[in-house]
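Colleague: Below you will find the structure I want to go over with you.
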Amino acid sequence: MKVFTRNAALSDELKRHPGTCGFVPTMGALHNGHLSLVEQCRRECDTVVVSIFVNPTQFNDPNDLKNYPRTVEADLALLEKAGADFALTPSVEDIYPEKDTRVFDFGLLDKVMEGAHRPGHFNGVAQVVSRLFDIVRCDKAYFGEKDFQQIAVIRELVRQCDYPLQIVACPIVRDTDGLALSSRNALLTPAHRAAAPLIYKALKEGVESARSMSVDEMKRRVVERIDADPLLQVEYFEVVNADTLEGIDRWSDTFPMRGCIAVQAGNVRLIDNIAIL
Ligand SMILES: Nc1ncnc2c1ncn2[C@@H]1O[C@H](COP(=O)(O)OP(=O)(O)OP(=O)(O)O)[C@@H](O)[C@H]1O
Ligand SMILES: CC(C)(CO)[C@@H](O)C(=O)[O-]
Ligand code: BAL
């Protein structure tokens, strides 16, 4: 695996590699969730590129940015083992030689849920992902469904900017106790880590009982179940049309539905989601 710290050097290298190019953008502190994306990319593409860049423009909370886990050396070893061909670890100056002032409008997609609770977050994600797509002119880009709303926003970015590439959504990888793997899990105290599996447990229970009660009743029960643990506090739990992200007030047989949640666990904010059948 070859490691690039400069965007231009990677772009030049990629011109010398015909065949399909797959790209996995990450913010590092890699775990098996990220590696599942890299492995799927390896199976489907001739060339596999992974970026590690903690993008400052998508953090609305300066403490979150400061505390975000950074483990580049260990990350590169994992990527080598997973069969990546190229890793990009650029500096902030290299990605943003000038301040990025672009303002995107994704309609409802970036206004609800994470968009409402992390102002500016998806604008920052769109800024960095579009920069990365300009550097790595890939055929397929891989994103995890843990960040369900992010995929909807990035699909819309690709549509608006006409990028000739396919977005591949990959399933959520969970720990054995059900907690969705996330780089931020490393920041949980042992007590909060022990409490956190309740999030997925409550989501699963909600889905199992969904059709036997109203949408509002199901939402109320999930929130109450999690909030009953003093270490966890639900920020939002929304049931949405999985395509449009519009909130719904009755169960549907005509479009896919998704339950999306954010929970504060001490100083750490966790997100998760589940398909509703
Ligand atoms: N548990 C997971 N299963 C599948 N994909 C995942 C998982 N965790 C992260 N990803 C995906 O990996 C890519 C990079 O994510 P990122 O580097 O932000 O890691 P993260 O674990 O989501 O970190 P955090 O949520 O703490 O920011 C994203 O597309 C994300 O959706
Ligand atoms: C897509 C991404 C790499 C952009 O910084 C980030 O939001 C992430 O890791 O999900
Ligand atoms: N995986 C989403 C990146 C973020 O939380 O900023």
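Here the Cβ of each residue, glycine as well, is placed from N, Cα and C on the backbone.
Copying in the features that TrEMBL gives for the protein in this structure:
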BINDING   27-34, 144-147, Val173, 181-184  ATP binding site
ACT_SITE  His34  active site, proton donor
BINDING   Gln58, Gln150  (R)-pantoate binding site
BINDING   Gln58  beta-alanine binding site
Colleague: Of the recorded positions His34, Gln58, Gln150, which one sits closest to Ser183 (ATP binding site) when you measure Cα to Cα?
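Modeller: Closest by Cα: His34.
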Colleague: Tell me, how many other CB atoms lie within 10 A of the CB of Ser183 (ATP binding site), whichever protein chain they belong to?
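Modeller: By my count, 19.
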Colleague: Using C-alpha atoms only, work out the spacing between the residue listed as 'active site, proton donor' and Glu145 (ATP binding site) and round it to an integer in Å.
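Modeller: That separation, Cα to Cα, works out to 11 Å.
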Colleague: Which one is it: of the binding-site residues Met27, Leu30, Gly33, Glu145, Val173, whose Cα lies the shortest distance from the Cα of Gln58 ((R)-pantoate binding site)?
Modeller: Met27
Colleague: Enter the number of other CB atoms within 10 angstroms of the CB of Leu30 (ATP binding site).
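Modeller: Cβ-Cβ neighbours of Leu30 (ATP binding site) within 10 Å number 26.
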Colleague: Please list, in sequence order, those recorded positions from His34, Gln58, Val173 with the Cβ less than 6 Å from ligand 3.
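Modeller: Checking each Cβ against ligand 3, the ones under 6 Å are Gln58.
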Colleague: Any of the binding-site residues Met27, Leu30, Gln58, Ser183 with a C-beta atom under 6 A from ligand 1? Give them in order, or none.
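Modeller: With ligand 1 as the reference and 6 Å as the Cβ limit, the list reads Met27, Ser183.
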Colleague: Of the recorded positions Met27, His34, Val173, which ones put their CB under 6 Å from ligand 2?
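Modeller: Among the recorded positions listed, those whose Cβ sits under 6 Å from ligand 2 are Met27.
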